[in-house]
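Taken from Swiss-Prot as is:
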BINDING   G37, E38, T39, G40, A41, G42, K43, S44  ATP binding site
COILED    395-438  coiled coil
COILED    466-487  coiled coil
COILED    521-600  coiled coil
REGION    661-713  region 'Disordered'
COMPBIAS  661-673  compositional bias 'Low complexity'
COILED    724-770  coiled coil
COILED    901-943  coiled coil
COILED    1019-1052  coiled coil
Amino acid sequence: MRILSISGQNIASLAAPFRIDFTTAPLAGAGLFAITGETGAGKSSILDAMCLALYGDAPRLSAGARSDKVPDAAGEEISAADSRAILRRGAATGWAEVRFAGRDGLEYIARWQARRARDKVEGKLQTVARSLARAEDGQVLAAQTQAVSEQVAALTGLSYEEFRRTVLLAQGDFDAFLRADTGERATLLEKVTGTGLYRAVSIRVYERTEMARAEHAQLLARAAEHRLLDDAARAALTEEIAARTAATAAATAERAGLSEALARHRRHAEAVRQVQAAAAALAGAEALQAEAGPARAQLDRLERAAPLHLPWQAAAEARARLDAARSGAEAAAASRSLAAQALATRADAAARATAAGTETEEAFKAFGRIWDRAAALDAQIATAATEAEAARTRAAETARAAAGIRRAEADLAAAETRAQQARQAAEARLAELAAQAPLADDWPQLRRDLADHRAACAAQAAAATAAQAAQDRAQALAQEARAAAAAEARDQAADSALAKAAAALQQALAPLEAAHPPARTADLARIETDLAELTRALRDGAEAAALGAAAQRAATAAATEAALARAQESAAKQDLDRAETQIAALTAPLEQADLALSDAARSLRAQLSAGSPCPVCGALEHPTPAEAGLAHLAERLRADQAAARGAAQAARDALTAAQGARATAEARGTQAAEDQRRAQTRAEAARAAWGDTQPRVSARPLAPALPGTPDPTALAAAQDRLCALQTAEAAAQAEISALRTRLTEAERDRERLRRALLAHRGTRERLAVQQAETAQEAALAEARRTEAAARRDGLALALAPALARAGEDDPAAPGLAERLAATVSAVGAARTGLQAAQEALSALAPQLAAARRDSETATAQAQSAAQAARDRDGAWAALRAERAPLLDGQPTALHRSRFNDQRLAAQRAQQAAAADLATAQAALAAAEARAAETARAASEAATAQRAAEADLAAALEAAAMSAAELAALIALPPGTAERLRADLRGRDDAVTAARSALGARKTDLQEIEDQGNPAEDPEALSARLAALEAEAERRAQEIGQLSAELARDAATRAALAGLAVETEAARAELEVWEAVNKAIGARSGDRFARIAQAITLDVLVEHANRHLADLNPRYRLRRAAELSLQVEDRDMGDTARATRSLSGGERFLVSLALALALSQMGGKGTFAGTLFIDEGFGALDAGSLDLAIDALETLQSQGRQVGVISHVEAMQARIATRIAVRKEGGGRSSLRVEGPGV
């Protein structure tokens, strides 16, 4: 980063606004420049302004204690480290601004501002305002104190401390290296190079080690807190689960039988319900079929009306066309009449428009000469008005200027009078305060002595309070020590009692554990598992036998149903063959009979004559049967054919039903065979399971004897025997567990007491140390009190003469400092007022003389301008009087435009009237043509309408239907016939389907009744089944609870296994951290910090030696033991010397080399293009000064610009470019940039 400019106002002694621009000559081309001035002139204030603008702090504010207070002009005290303390006394506002280039290459402006309330000198200090903006567009990036500091640090890459050691090397910051001892040098090195990070790392390593140790101890404590079930308890739980599982299995077969019986009852009841429902459905379908008579009649009428739709539509359309033609003829006649009237009106309007156009044209020509004269006068009047307005404006401006000048003259005269009065008042006030002038002159020292006296009094009171507090703490610590000793004695007695109780429990536990080892419980659990397997094998065999019997019954029933279905299928096929044969036999005769009864045959028979050949077959004989007998024969043949078709359809339905029943029966038979096979397989598996498990059970020592084949009685006896053994073992294990629990609790209580005893001892030791410390504090407090009292008495003695002159006798009197300050302030105010009045009078004299001359000149100019304005107004009025009679005073252009508009409007009206007349003539001709055409169309439509009505009447007569009936049928919604037809078909199909369903349901009911129902009623069966299921549910809950207890124990065991892994991992991690802690860790962080500081000091010495080679080649720095520094004297054979043995000039050069090295190391890789050194060069001789300047100038080749603050004249003479700070009196200073070209 690079500093581009520094600006400010009212920063300490720099009262006037100032700006130092490093981008313009001569500073822009100067690699080295000096900031010069007398001591106290304000050289360092420039650097304060730079730091305030960038970071809101300044080096001089950080030097003192932040708890110190300083008085403010507003009557309050502020911290000595408050940045507002930089604000100049007597100033209402002050600011500092820095323009700099950031790491990104862009330019930014940082600003700091302090102000007082209401911008008054006596106002209360307000909160500091800070801002950061981008220079190129003025965009504000931050406007809050913390945000500005963070943004500046991000843009420059430097924190405030890094800025102070990289860009600004303030007074005393680097010479402290040579003055400090090893401990102080470590602190300074950590401060200026940022190696405090390593101290933090060392502390973190120590804390992490302690955390790992605590985590390891916590895991060990967690492992000791868990309690597990022993093997006997787990075996007992397993036995109870097996017993309840066996009982559940035994009840399963009975539940299956009861469920099957209830299912048979439900199937019979369902079959009866379905027969009843099918009968009800058939009755409902037949009733709906009977109700459809009116619908059938309506459908017949709709079918007869269908051919009449077209004639009806044609007649309606003809009537509509006739109505439309008549309406068109009437409208055409009316239009012809209206067109004739419009033609007459348009002819009259055309005549009137022609007359008006002639009249307006003549009037327009008559006004021509008048308009020309009026236009000439209008131009002259406009020119005269402009000239008159300009003259009036000039007169008003000169009058206002003269009045302003006269007011300024009066203001200066009044100011002169006020300044004279102020000078007289100040002189009188100084005369009144002449006796207090010495007090004002000695006030700074007197104020410091008073402050020191107050501080001594406060220190004495604080020391006395501290001594009393130490005595009170000593008494409290003694009482706490006595209480701790009593608690320790109680815990020791309790620990002895617990040790005796633990020994007694151990004696009672030993014989029980010997008689009931954990292996016994495990053996019983294994026997229980084996018996459970035998129980499952026995249950599986029983269930397989039951399933096999059921499958055999199902197979027999399926075979019977299949045989019956095949017989029904054969009979249905025979019926279908007979019906189809009968249909085929009746088809030919019926077709011949229909042909004989047709209209064509009847017409041909009427043309036959005896002896003439038949035109069809050529026969000469023509027997003619009676038509009535022939019709009767055809009707009988048609009825027989319909009956045959019905029989064929019934046979097809029966065939389909028989085939479905046969397929269903065959599927049931296949499923029954598969069920028999699975039952056989399951029975064989059950016998094999019994055979595999029984030898293993018999081989166990505690197991009862069992036969080689499944035997329910023997198995039940074995389970009873096992239950008794497990009950006895569970009781013994419960007693062992209780004793172990009591023993563990006793050990836990003893451990708690041991920790308490350790805590008691630690408390006693801590209290002893605190008592010693408290006694020491009391002695120190008494010593401080004595010292403060002596300092107070000495200051009171020193203050006595000055207080006596001021009429005061007690330096600790309330309000003394305020009274003395008020007197001193009054003297200072009077002196300041006198000086200000004299300065004001000197400045006002030439201003007042010039104001009087300006007033006379302005008055003469105003009078001349007023006369010119009056002349111009007269000329303008004469022209207006000449123009007023013409055109009634109206503007010429407006009057001419109005008459021209009237002429043009008359011409347009004449043209429009002619066009309207032509349009009306054409409209009349078109209306007459339309009237003739519509009359012809109406005649033709009437003829067509009569023909359509005649066709419709003939069609209605042929269909035996009236026009009203046809209209009602046609008005029905579209699709009515189809809906009626579909509804009737659905009713007929519903009756057929209901009859078929009723027959099927009756067949199903008969089959179920043939199988027979259980003897026991459904209510009794349901009650028995509910009791069995409730018992099974209870056993399932008990099994679940017991299983959950086993699962919890297993989970605890698994958790403990994981805890062991965690404990081992924690131990390994603790070992690692202990090794790291041994290397670099420490509670205070010193271990690693010293290592880092030693390395950093080596690098710092290396950088410093490079600069020292240019500044003073005789010496070379080196690090001695730990962090101490020595110099090697090359002129003395590289002899090592202490830094304190260096002369003043040599010491400064070494300090300067260290400062430059620190500036290289302090920026975390950020290059600082500007460097300020605030350190005196007065200790250097001419040669050393030249070397120092040459070394600083070489930094320009590295891209740096170096500024040196110094009041040494030799330094100023050797540096051409300077920022000179000069005192101006009254605590004010000003600055100026000096150099080549300025």
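Cβ from N, Cα, C; glycine included.
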Which of G37, G40, G42, all binding-site residues, has a Cβ with the fewest other Cβ atoms inside 10 Å: G40
Residues near A41 (ATP binding site) in space but at least six apart in sequence (CB under 8 A): S13, H1207, V1221, R1222, K1223, S1229
Sparsest Cβ surroundings (other CB atoms within 10 Å) among the binding-site residues E38, K43, S44: E38
For T39 (ATP binding site), nearby residues of its own chain (Cβ under 8 Å, 6 or more apart in sequence): H1207
Close approaches to the coiled coil (395-438) from elsewhere in its chain (Cβ under 8 angstroms; 6 or more beyond its ends): 805-806, 823-824, 826-827, 830-831, 833-834, 836-838, 840-841, 844-845, 847-848, 851-852, 854-855, 858-859, 861-862, 864-866, 868-869
Cβ-centroid neighbours of ATP site G37, E38, T39, G40, A41, G42, K43, S44, 8 Å, sequence order: S13, S45, H1207, V1221, K1223, S1229
Distal contacts, the coiled coil (1019-1052) - CB-CB under 8 A, six or more residues away: 226, 228-229, 234, 237-238, 240-241, 244-245, 247-248, 251, 254-255, 258-259, 261-262, 265
Arithmetic mean of per-residue pLDDT over the coiled coil (724-770): 75
The compositional bias 'Low complexity' (661-673): DSSP-derived helix, strand, coil residue counts: 13 helix, 0 strand, 0 coil
DSSP three-state assignment (helix, strand or coil) for G37 (ATP binding site): strand
